[in-house]
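Report on one structure; see the data block that follows.
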Amino acid sequence: MAELKYLSGFGNECASEDPRCPGSLPEGQNNPQVCPYNLYAEQLSGSAFTCPRSTNKRSWLYRILPSVSHKPFESVDKGHVTHNWDEVDPDPNQLRWKPFEIPKASQKKVDFVSGLHTLCGAGDIKSNNGLAIHIFLCNTSMENRCFYNSDGDFLIVPQKGSLLIYTEFGKMLVQPNEICVIQRGMRFSIDVFEETRGYILEVYGVHFELPDLGPIGANGLANPRDFLIPVAWYEDRQVPAGYTVINKFQGKLFAAKQNRTKKYYVRIAPKSQVLGVGTLRGRLPSLRRLLPAFGLTNPGTVSIASSSSLKLPGETSQQDVSPFNVVAWHGNYTPYKYNLKNFMVINSVAFDHADPSIFTVLTAKSVRPGVAIADFVIFPPRWGVADKTFRPPYYHRNCMSEFMGLIRGHYEAKQGGFLPGGGSLHSAMTPHGPDADCFEKASKVKLAPERIADGTMAFMFESSLSLAVTKWGLKASGCLDENYHKCWEPLKSHFTPNSRNPAGPN
Ligand SMILES: O=C(O)Cc1cc(O)ccc1O
Ligand SMILES: [Fe+2]
């Protein structure tokens, strides 16, 4: 596959034309009476029209057919997708999952959508407040079907296998150690190349932002220029077997077939005699302009009908068409991707363990200052240099809920048991921290500058909401590690009431 091109800059106002149609973006206005190349103009609003400029998000898409060209949506099986946070009784225990099992392609073909499994979540989809964490486990590309989410934004973290994502804005290749965000309403279809696994953080009603930097200054953490946006790409592809648009709406799945433009037939009124077929893509006004082609000069004598009963012999009246028919777009509401290797790590260079908020890549803010619906936090490779310090994560209890996943390598707070493709959940105020082995090692080790987490990448979805685990998460996944709590059992008292031992071995 030829290397894909991208635009760059987080939240930028971008503009892109498929090079096959130069000049396809209207000049100086959004809604010309007739768009270049006779495209349709369609706005995708990602914020209320009236949001302040700093949070206002919308894009204009110039496309072969508007998205509204589809048959009615019908409810379909939602598999393991849920927004029911009362499926099982609450469980405050530390939870850990072994790597979630990917179905074998030889046994069952599963694509990204049918491979979605909701693990936990909280909040309310209908009032646009909350989040869900899903695991995707698939082995097959989405074939002539795309997906869009009416409920929220998807932050997708591939862990095994690359994702080639077709979107209305163009194509993105997202490999493990990269992440992408597909915002609410954007249609996408995913090709995979092997048995593929990853994590999704879905937030309802808000969009991800870069965290404020405060005293850090103007640069650092995830820099805006490293966020990549696809360039316009279209296909004018008819799918005789039917193209299916899948929609997640209020937590349930629906499917609709997407129609090619109805053909319009020109007849002489009142005899209903079909004279000929009009353009495939034109709108009615432009069809009227075609009338001279049928030798008709007086529009008063004709009517234009779309009824398939007027079909000419050999004509099909409707065919299904790819939704990736956007020839050009402009705006600031787009999908984007980011390579985690570009994260500029800031950390303690003197002593003590800083809070993991220093590793925040993206945040989805709540209305309470400093309190996130969800943060996406990573634990990237870096130097550990803190003097006289217990360097691994500290023991703690947190009013926030912490879901962790591992893309590759191992995590600094655990010697074993937390594996790539697995996960852990430490709920609100549930105690957790380094396992016994990790504590013993880190409190004895001679401190010197050391590389931490080289070749590894753990991450955390941290939320101010109290997360409920689903039935799939607790039972059906079959991956829950019943022995997780045992990793802290060997922790022993080192209390020496008669010796203060202020600085440990150093
Ligand atoms: O629980 C965890 O492993 C995540 C975490 C890491 C860290 O460095 C400090 C606090 C914290 O919750
Ligand atoms: Fe923690």
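Using the three backbone atoms N, Cα and C, a Cβ is placed for every residue, glycine included.
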Determine which of Glu402, Glu440 appears in TrEMBL for the same Fe cation site as His396, His432. Glu402
Using a 10 Å cut-off on Cβ-Cβ distances across all protein chains shown, tell me which of the recorded positions (His353, His396, His432) has the largest neighbour count. His432
Name the secondary structure element type, per DSSP in three states, that contains Tyr411 (homogentisate binding site). coil
Least surrounded, by Cβ count within 10 Å, of the binding-site residues Glu402, Tyr411 is Glu402
List those of the recorded positions His353, Glu402, Tyr411 whose Cβ lies under 6 Å from any atom of ligand 2, in sequence order, or write none if there are none. Glu402
Counting only residues outside His396, Glu402, His432 in the same chain, those with C-beta within 8 angstroms of the Fe cation site's C-beta centroid are Pro393, Arg397, Asn398, His426, Thr430, Pro431, Gly433
Nearest of the binding-site residues (His396, Glu402, His432) to His353 (active site, proton acceptor) - Cα to Cα: His396
How does the model score the domain 'Homogentisate 1,2-dioxygenase C-terminal' (341-495) in terms of mean pLDDT? 96
Counted with DSSP (H/G/I as helix, E/B as strand, rest coil), the domain 'Homogentisate 1,2-dioxygenase N-terminal' (317-340) has 1 helix, 12 strand, 11 coil
